[in-house]
Amino acid sequence: MNMMTVKQGVWAALLWPYLLAASIPLDCKDEQGSFSACPSISQEKLLDRVIQHAELIYRVSEESCSMFEEMFVPFPLRLQRNQAGYACITKALPIPSSKSEIQQISDTWLLHSVLLLVQSWIDPLVYLQTTLDRYDNASEMLLNKTKWVSDKLISLEQGVVVLIRKMLDEGMLTATYNEQGLFQYDVLPDMLESVMRDYTLLSCFKKDAHKMEIFLKLLKCRQTDKYNCP
């Protein structure tokens with residue numbers, strides 16, 4: 001590892017708490033704890049906040065995955081992540097994957113796809129925090145990053161729900177995906193199996209977090225320059 005890489009790692013460690021503290025909050029709660037303040041934000045500004053949240057979530061998930069990989073996953077095992085038994089938990093979700101599929105769906109369904117992804121990851125990230133506590137050498141920064149992503153994912157869910165409500169012009173919206181069956185680990189695995197499962201979770205979440213960011217930015221593009229979007 002060269003000196004430049006070391007310096008970049010040190011600066012990332014020092015600046016990370018300030019980066020998170022400076023991020024624009026998505027939470028629209030008023031003093032009573034309700035979300036009545038969210039509708040008062042324009043759809044354009046709310047979408048901007050949601051995009052910024054998604055960008056940060058993806059960035060931190062990428063850092064978390066790299067940290068976990070370097071600390072716990074030997075290189076030969078990194079190649080096993082895509083083998084049978086380590087499929088992503090969101091593989092069965094009705095999420096558009098190809099460019100042609102994405103181009104054909106409406107703005108509302110594009111946003112709903114983001115919501116499906118967000119909601120399907122809330123429980124797995126809570127589970128991940130629990131399992132990471134079992135690791136003897138898990139760094140405090142890795143634990144903090146995972147906790148931060150888990151908390152911010154809930155805020156992102158709230159923002160996306162309000163956005164869908166605004167786009168549908170509805171006063172109330174309940175959009176909850178039943179993730180039962182998507183994520184169920186009833187038996188405590190051995191340590192190697194636990195490492196591979198956690199590595200798969202982090203890798204798959206990083207991939208889906210990037211997909212959330214792309215979908216939201218595409219939605220923004222459609223609303224500002226519809227005919228020149230990818």
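Cβ from N, Cα, C; glycine included.
Values in this document were obtained by computation on a predicted structure and should not be read as measured data.
Between C88 and the candidates C28, C38, C204, Swiss-Prot records a disulfide bond only with C204. Here Swiss-Prot annotates a disulfide bond for C221; of C65, C229, the partner residue is C229. The two recorded residues C204 (disulfide bond) and C229 (disulfide bond) have their Cα atoms spaced 26 Å from each other.
Over all protein chains present, the Cβ of C221 (disulfide bond) has 13 other Cβ atoms lying within 10 Å. Here the candidates are the recorded positions C88, N137, N144, and by Cα distance the one nearest C229 (disulfide bond) turns out to be C88.
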